[in-house]
Amino acid sequence: MALLGVNVDHVATIRQARGTNEPDPVTAAALAELAGADGITIHLREDRRHIQDRDVELIRQTVKTRLNLEMAATDEMVGIALKVRPDAVTLVPEKRKELTTEGGLNVALLRQTLKKHIDLLKQGGISVSLFIDPDLEQVKASHRIGADAIEIHTGAYCDAACAATRSKELDKLTNAVKAGNKLGLLVHAGHGLTYFNIQPVAAIGGIREFNIGHSIISRAVLVGMDRAVREMKDLVGGA
């Protein structure tokens, strides 16, 4: 059964919109765990637009499952990770003007820089995942430079405008998952997944973990964190 990592970034987004102390993503992370989340994901962006350094430190201290820290592959972020010691790091591309992460890392192009950071993180006892598009060359490149895991970007599947395109993107996801498994990589998936589109991806098999944020937090606003997490966990595990 696949695991569910709950991303609480958007709780911090609401807080930062008013410049106040609430809602607190630290509390949201605890509630998600109580509802059955298998892990907590947070993205400390270079511009600190939502998650702040204090959030990372406090969630690290209070999380009872496992903490996955998403971050750019920079010296600053690697230093923070080595200090805070999350259970896992997911390296992602960042653009200052993007609303959310727009695509996967070009591992083949950035292999030297990424390998340097991967080696440092692994020496610090931190598992490293790379956020990549469902492209077989990127899967192979991730394996070659020593990643422990890959997180496959599901955005193109989620944004597909018609059934034919969606089916094509689902095939790409399936092939990337199979390739990752064959190479011995842990395979995760995320980005744009909702209560309405998760099941075909969960049915692929071979995906160890789904990291989902916006959809869960959006539903939690209406029905509460407990119900929102439990409903998504049922979909992830019961496909």
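Each residue, glycine too, has its Cβ placed from N, Cα and C.
According to Swiss-Prot:
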ACT_SITE  His43  active site, proton acceptor
ACT_SITE  Glu70  active site, proton acceptor
ACT_SITE  His191  active site, proton donor
BINDING   Asn7, Arg18, Gly192, Gly213, His214  3-amino-2-oxopropyl phosphate binding site
BINDING   Asp9, His10, Arg45, His50, Thr100  1-deoxy-D-xylulose 5-phosphate binding site
SITE      Glu151  site 'Transition state stabilizer'
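Rounded to a whole number, the distance between the Cα atoms of the residue listed as 'active site, proton donor' and Asn7 (3-amino-2-oxopropyl phosphate binding site) is 10 Å. Comparing the recorded positions Asp9, Glu70, Glu151 on other C-beta atoms within 10 angstroms of each C-beta gives the minimum for Asp9. For the recorded positions Glu70, His191, His214, a Cα-Cα cutoff of 10 angstroms around His10 (1-deoxy-D-xylulose 5-phosphate binding site) retains His214. Annotation: no recorded positions among Arg18, Glu151, His191, Gly192 have CA atoms within 10 angstroms of the CA of Asp9 (1-deoxy-D-xylulose 5-phosphate binding site). In sequence order, Ile51, Met71, Ala72, Glu94 make up the list of same-chain residues 6 or more apart from Arg45 (1-deoxy-D-xylulose 5-phosphate binding site) whose Cβ falls under 8 Å from its Cβ. Mapped onto three states, the DSSP output places His214 (3-amino-2-oxopropyl phosphate binding site) in helix.
Secondary structure from DSSP puts His50 (1-deoxy-D-xylulose 5-phosphate binding site) in coil.
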